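Chemist: The compositional bias 'Polar residues' feature in Swiss-Prot is assigned to 22-36. Summarising the annotation, Swiss-Prot assigns region 'Disordered' to 22-43. The ATP binding site annotation in Swiss-Prot covers Gly72, Pro73, Ala74, Gly75, Thr76, Gly77, Lys78, Thr79.
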Amino acid sequence: MTSEAASKDPISVLSGFGAGTATSASKNGGRTTPSALTPRPRSGFVETEQVRDLTRRGLGFLNAGYPLHFRGPAGTGKTTLALHVAAQLGRPVIIITGDNELGTADLVGSQRGYHYRKVVDQFIHNVTKLEETANQHWTDHRLTTACREGFTLVYDEFTRSRPETHNVLLGVFEERMLFLPAQAREECYIKVHPEFRAIFTSNPQEYAGVHASQDALADRLATIDVDYPDRAMELAVASARTGMAEASAARIIDLVRAFRASGDYQQTPTMRASLMIARVAALEGLDVSVDDPRFVQLCSDALESRIFSGQRAEAVAREQRRAALYALIETYCPSVAKPRARRAGGGARAGVEGALP
């Protein structure tokens, strides 16, 4: 499959989340509402056939009124894809990031602060009448604002929040009603805006810090599994993000993909590892070849830590795995020197060994 050119309406990335300009918080009928984001184009986003297919499938569920859920391992571009799909809806976007400390009040809203009122009445000069009142101020949080205004909610890594936090979502998706706590005073529920849509992302349950999703919520979500990008997409993204020549970027992409296929690691290398190597190599002007010891060291720094993931390993096992990694570097980033010059310099093996710490 050949790589595609950048899409006409890709989404920008803000602090790793992909969004555009933000509208400031406002007060609506005495309520404070959080800001929303408006997606805007970014040249670094690349749309391939794989992305178009996922986007089409996701929009099909959203247009029918179902909440969408992108599920897959880290590094597969779920968040960027979710924001790209949200941009196609043409509505402001509100983002929530899952967290173990997140509670229902953080989604819906709560009473914040106090409003004081003091009246001193001296209509009769020798009589003073004093009246004081103090009322709390209700603040809408992200879910309430999205439901009330018809925004698109992107709930990133939602399974990092505790399952009981999401009970409020059940009525939103089934009855299209958001039930507010008694402290809201003004209203006990709101009808969900017809244009409200929700997009969720999550990692597999075996990841650290991930909770199992409650069955009642999972049953309401339209789940699409997202796998690692195909080679065409990785190559297009690497070239667009780093400005590196396609031939050089292809070597790095193939190296990382081969390392991932080997299974000889404890932390899966993703497209982020490819971008890391390609970006640094482009900035430093390195040759994407085993001939350049600095490039070999760069690959070692970016990939070797994933083999052991901070765990202690025996010296023999460590050397064996490092040798396997260097063999992959030799295979996918071979020497570009002429044979005679390569023999004089010790060949590719000399370049590898010269990079060993």
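Cβ from N, Cα, C; glycine included.
Just tell me what is around each of these and how deep it sits.
Modeler: Taking the Cβ of Thr79 (ATP binding site) as centre and 10 Å as the limit, one finds 20 other Cβ atoms among all the protein chains shown.
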Chemist: Using the Cβ centroid of Gly72, Pro73, Ala74, Gly75, Thr76, Gly77, Lys78, Thr79 as the reference point for the ATP site, which residues of the same chain not in that list have Cβ within 8 Å?
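Modeler: Going along the sequence, the neighbours come out as Thr201, Asn203, Val226, Thr270.
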Chemist: Taking the Cβ of Lys78 (ATP binding site) as the centre, how many other Cβ atoms fall within a 10 Å radius?
Modeler: 24
